[in-house]
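Here is the structure we will look at, set down as structure tokens.
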Amino acid sequence: MSILNLQFKGDHHLNLNTIAHELLKTYGWNDHWENAASQLSEKYRQLTPARVMAQHSHSYQIMTPDGEQTAVVSGKYEFQAQLRSDFPAVGDWVMTEPMPGEQRSIIHAMVPRRSAMIRRAAGGVMDDQVVGANMDYLFITSALNEDFNVRRIERYMITAWESGATPVILLTKADLCDEPVVYKNEVEAVAPGVPVHFVSALRDQGKEQLAPYMRPGATIAVTGSSGVGKSTLLNWLAGEEKQHTSGIRESDARGRHTTTHRELFLLPGGALVLDTPGMRELQLWDAQDGWEQAFSDIEELAAQCRYRDCKHNGTEPGCAVTAAIAEGTLDARRFSNYKKTERELAHLARKERATAKKHSKQAGGKSAGGKPAVAKARKSSRDYAEELD
Ligand SMILES: Nc1nc2c(ncn2[C@@H]2O[C@H](COP(=O)(O)OP(=O)(O)OP(=O)(O)O)[C@@H](O)[C@H]2O)c(=O)[nH]1
Ligand SMILES: [Zn+2]
């Protein structure tokens, strides 16, 4: 074990102003995480915090106060994990124990996530996969060319709201478009309150608008369809050719150069980019996936509530949803995401009805069509809109 290790093991959680913590801070450690870690049970909060940099099939790459290490979860962790999503994912903060004399650590606990991008598995909640955790911002990219599709942006929005990360819409390849403002208006209509920015990596335009999100220690993820320019955008933001497929050269705590596979990158300006394959190919709200499908577990529970118009707010008698949360079979956070999505959809539905009304006045009552999944989700959200009106 190194001197550094001895020195920091045990007291780092008491003293934030150590060199060790500077390294963790670089990777996003802050008061929130300090506080969250301090609320873990006694045996876990004593341990060394670290951030998951990459996930392999049987191990993790983590950033510890002492530099980068390989890690595995403890036998107890593995035994207690019930869902695939209970295991650490890229971006997670974990509490670890260094193995004496080795560049390896054991992960004993996970600090509760602030946000998580989840890929719903066909097999149900057991197999749901976390493709990225603890992102502060999700950049939703769409190119300003013939691929532009506002419905797709809308589906990404639902995904973003569900994740807990703050969505930011980037309209890429702005150089290919003569009238970007038209598109911006269209996007703003389906994403109320969400910032929309034009960027052109090719012309080096729009970078300054992204500065507020790219602050040191902030974690961003980029999603969007294939070919919208995500890699180009990341290289542009990094200001250099980022070799993220082959790993990057970076000094570890001992000044050595290491080349490792990374899925969480530090940009020269201090922001972190979370770039995993799952994040890139996020297509949760395409065709066959609908809102009810994503939350089918909750829909099924709701169908068992005593009252058909049950709001599941914890006070109604015979509420199956409240009971499931109390029993622990339904995650309270998942339910709150459901409510959030429901509100967002209700908002979209109200907007759509207002637009439809306007259109029907103009064009004699023909409503605009949508892809099946969106139409389906809308149908249920319309009911909620009715309730809320
Ligand atoms: N005109 C124009 N073309 C761009 C711009 N940014 C990227 N492109 C081009 O768009 C194509 C796709 O860019 P990528 O960065 O590979 O797209 P991607 O989203 O990473 O694609 P995947 O790797 O499939 O997810 C390339 O030919 C880029 O040169 C831009 O700002 N303007
Ligand atoms: Zn209920």
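Glycine residues also receive a Cβ, built from the backbone N, Cα and C atoms like all the rest.
Annotated by TrEMBL as region 'Disordered', the relevant range among 230-269, 350-389 is 350-389. In the vicinity of ligand 2, defined as a Cβ distance under 6 Å, the following of the binding-site residues G224, K230, C310, H312 are placed: C310, H312.
Other C-beta atoms found within 10 angstroms of the C-beta of V228 (GTP binding site) number 24, with every protein chain shown included. Closest to V228 (GTP binding site) in space, going by CA atoms and restricting to the binding-site residues C305, C310, H312, C319, is H312.
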